[in-house]
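A.B. asks: Right, I'll just put the structure down here and ask away after.
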Amino acid sequence: MDRARPGRRRASSEIVTEGKRKKSSPADLQKITKLLTVKSEDVLAQSPLSKLRGSECWWTRSLRNKVICLDHKKPKAARGCPPKGLPKRHLRVMLTNVLWTDLGREFRKTLPRKDANLCAPSKVQSDSLPSTSVDSIETCQRLDPLHQSLNLSERTPRVILTDIRQTELGRKYLKIPPVTEASLSDTANLKSEQLSSSSDGSLESCQSVNHHKSFLSESGPKPSRTGDVPAKEAACGGQKQGDDGGVTPEMAAPHPKDFNTGNKGCDYLEEGTSNKNTSYSYSEMDHTPVSRKRKKRGRSNFHDSHNSKTSLDKPTEHTKEEENDSSVSRKLEESGEDSHQDPAPPEGLAPESLESEATNLRSFAAGQEPDASAASGRASSPNKSLESSASSEVSENSSVAVKGEALTLKEASPPGGSSEESQLLISAEPIVVSSDEEGPVEHKNSVILKLQPPHEIMSENQGTSDPQLSELTLGACESVQVTSELFPYNPDVENISCIKSNSEMDLKLDFIFTCVYIGKIKGTPKGCVTFTKKYIKIPFQVSTNEISLTVDTARLKRFGLWESKDEDHSKRSHAILFLWLSSDYLQDIQTQLENPMLSQQSKANEFIFLELNSSISQREELKLKDIMMEISTKNGNLHLSCPLPWVQALPLFQDLSPQEISFLHYYYASASALPTAAGADMKKKSVSQPSNSDTIKPTYTFLHKQSSGCYSLSITSSPEEEWQEVRNTGPVQKLIVYPPPPTKGGLGVTNEDLECLEEGEFLNDVIIDFYLKYLLLEKASDELVERSHIFSSFFYKCLTRKENNLTEDNPDLSVAQRRHRRVRTWTRHINIFNKDYIFVPVNESSHWYLAVICFPWLEEAVYEDCPQTVSQQFQGQQSQHDHKMTDNDPHTTSTVSTSAEDSQSTEVNMSVPKKMCKRPCILILDSLKAASIQNTVQNLREYLEVEWEVKRKTHREFSKTNMVDLCPKVPKQDNSSDCGVYLLQYVESFFQDPIVNFELPIHLEKWFPRHVIKTKREDIRELILKLHLQQQKGGSC
């Protein structure tokens, strides 16, 4: 063949070398390298064929040359119509593996896609990469059988692949993952399947190899992806064959011995085209299934919608010239849409594994004879796509193919109807395959080929409700054979679509019982009582009659489960199941029992008592409640949601005589160890819970012990007795009057007031007033008593009480004067301006706090020399203040040194008297700081101002300057109920450790420990009870 003809310009992408006539010279190699360097931005090497050597390569050593045309600038040549004026010739090209060059190594490190698509020698699978180019790149090659006698050189053919994603326009679609999985096949015909693409152009690569492995290079494509594409789209390729080599469109049936089962591998050959009209709609890109995201390995057959719509390998007749590119693109798009409705089974698909590096594939020779009838049946029936197709699904992070091992699936469908039997050879790793062409919804229904023992295949439904996925035909078992040594049978992956859920099963519970009581009837068991949501079945026997009573749960009113803890009856059962039936259901009960002893007029027939063999377990009790809850929900009877207690059930039948109800006659009477006739006494006993009886059970028990002929007796609390809180429900009783008579103004404390001393309760005003009086009279020193006055807890409430204006005598009075008139009688016997400390308990919004008016007779702060006793107290407060300041001051070094100097000077000058500050102020001691302090202080200032006018007959202004308000830091409460307790403790601590120096600031954080508050309630309770006993003794004397 001529290298080039005159008048024809050689394409830049064509690399032509002669076979045995002329070896590639260094100059040619330099040209090749230069061409590759120019296209460095668009080159993507993905072929691992460089490692396919020797007899394992599908390239026959007898063939010395191979031709490939990579023309990116001739769209018509790429479409199958050669340029006019050019002579017809056969080109031969030596494929170069870019992975061995520096440029290839660079791309191998940077590009994310590292796998290559390998094909069997008899078929080239071309999947369209997600392209961002407007051009549609299609490559179609056929190898001429005329060159089958030529021998290829020793060098292994290599393929240069171009990835359009590396262009400037394609980079913005890099986020779309590529979906290119190839299939291995040893069929004799060429088939090209195309994935749905999201780009404006479709990438197709086609190769056709005959059974003699002869090759013919041509530019015309032959799209055979769908059966809807007319034959005219492949006409140009057929005409080119006829012109160049005279090859007829009919291809001879392959001979089994000519097949090389070990040859695998083919890379994509991509060609660019400038046709911008050939495009898919963008909406199709949104539904493109991304197979690379499927990491799961499984085994399954193919759904009809999962199979690509690829035409069968039938003889194609050459008709006419190919239409324009836009027409071809439209037909391809229509065929892609129809592929989800009427799929045809793809032939000769084989699973393969893709690796970032080239992977060695070792083939296992299989000399099986073809099965013509099986293959022809698969080719003729579109309903057997599950048996004749397999899809490849490869995870980019998993390595499937192992070096030296391979998986081969051979299928053939020759025109004459002859075929060969498909054979599957497995590798050391499970091979995951999926369809090469999937619809927009199939990514949710990933079907996977399952590897298991020979002649067995199983499917698993994943993400779909179609029952056809769980069905396997006999043809699938015949077409796929898997060795069992590497992949044993796994029953865990079987189809579980027919498993019935546990929720559909009814709840059922059985009890072993000893007796059943229905009205006057007592029966012995003949089995277990069964509880379900629909019925309750009770098998029993009365005399010689065996009865199986079935109670409809819709007629059940209440149920009860009672257990007795009485040790006296330990020989008997301690569990009773109680069923209360509807009165209109008694006729059906009588019909089932066939006993004239039952009377519909008797209320006792509504009750069924089941004496259980033993106490039921907690699990059985919970299940019984679940069944009753289901019955309650089903029938709308809310009473069945909880069991009926014995106390509520006893009044239902306690008025019945033992002759009417056998339960009272047999079980209840014997359990009480009383005569049968004593019906009135029997009703006072209970099986499980104490009834409303006058008999009081002792709360103690005797323990007897014999030792050395002597008996010892001890009394302890009954272990069965439960401690309950005792609440006095009787009349209110006055416990104490404090101070007791003959002192006037005594305050009475009742038993109701004592209850507020329980933990978590709020203290009422009676307890507050009682303890304040007690502190003033019993705890305070005589000096403090003379200098102090305590108002009642009602004082501030009366002072701030709102009254109707009509009740006021003089409407011209100010607000402060009106308030003072309400409490003017509270100080008629005392002058508060002669006191140093006036305590005012305040309650606002159920919160107690204390207000202390200090030195109301002073108009400004006064400093006095304190006596020796007060000086020691003052020094303690000062040291406490210094310690607090040391903790709060960040400059601790200077503060500590200053305190040390002060202490030294104090020790030296002990004889020097200290000054004590008396400041008129209002102290607010609040354990929660939740009150409106400013309003309280202002109300007290206004009261003092009016009281001063009344007592001193002069006017004096109590303002913020001469009567300041102070809020010292005091111990705080840690709950929401101890505010009253803290108020009492503030007053008690004030009397025990009074504030002698009012120099600011005043720190009282460590005024008293916290544990004092924890026991304060109990201390007050004991005090009241102690006073109660004292006053009772005094009254009795």
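Each residue, glycine too, has its Cβ placed from N, Cα and C.
Not measured: the values here are computed from a predicted model.
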A.B. asks: Which one of S50, S373, S389, S434 gets the tag phosphoserine in Swiss-Prot?
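C.D. replies: Going through S50, S373, S389, S434 one by one, Swiss-Prot annotates S434 as phosphoserine.
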A.B. asks: Looking at S12, S470, S959, which one is marked phosphoserine in Swiss-Prot?
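C.D. replies: Record lookup in Swiss-Prot returns phosphoserine for S12.
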A.B. asks: Where Swiss-Prot marks phosphoserine, which residue is it, choosing among S281, S435, S871?
C.D. replies: S435
A.B. asks: Mean pLDDT over the region 'Protease' (747-1037): what is the value?
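C.D. replies: Averaged over the region 'Protease' (747-1037), the predicted model reaches a pLDDT of 80.
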A.B. asks: Quick one: what's DSSP say for H847 (active site), helix, strand or coil?
C.D. replies: strand
A.B. asks: Taking just the CA atoms, what is the gap between H847 (active site) and C979 (active site, nucleophile) in Å?
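C.D. replies: H847 (active site) and C979 (active site, nucleophile) have their Cα atoms 6 Å apart.
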A.B. asks: Taking just the CA atoms, what is the gap between C979 (active site, nucleophile) and D926 (active site) in Å?
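C.D. replies: Spelling it out, the Cα of C979 (active site, nucleophile) and the Cα of D926 (active site) are 8 Å apart.
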A.B. asks: In which DSSP state, out of helix, strand and coil, do we find D926 (active site)?
C.D. replies: coil
A.B. asks: Taking H847, D926 as the active-site residues to compare, which has the smallest set of other Cβ atoms within 10 Å?
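C.D. replies: Candidates: the active-site residues H847, D926. Fewest Cβ atoms within 10 Å: H847.
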A.B. asks: Around the C-beta of C979 (active site, nucleophile), how many further C-beta atoms are within 10 angstroms, looking at every protein chain?
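C.D. replies: Taking all protein chains shown, C979 (active site, nucleophile) has 21 Cβ neighbours within 10 Å.
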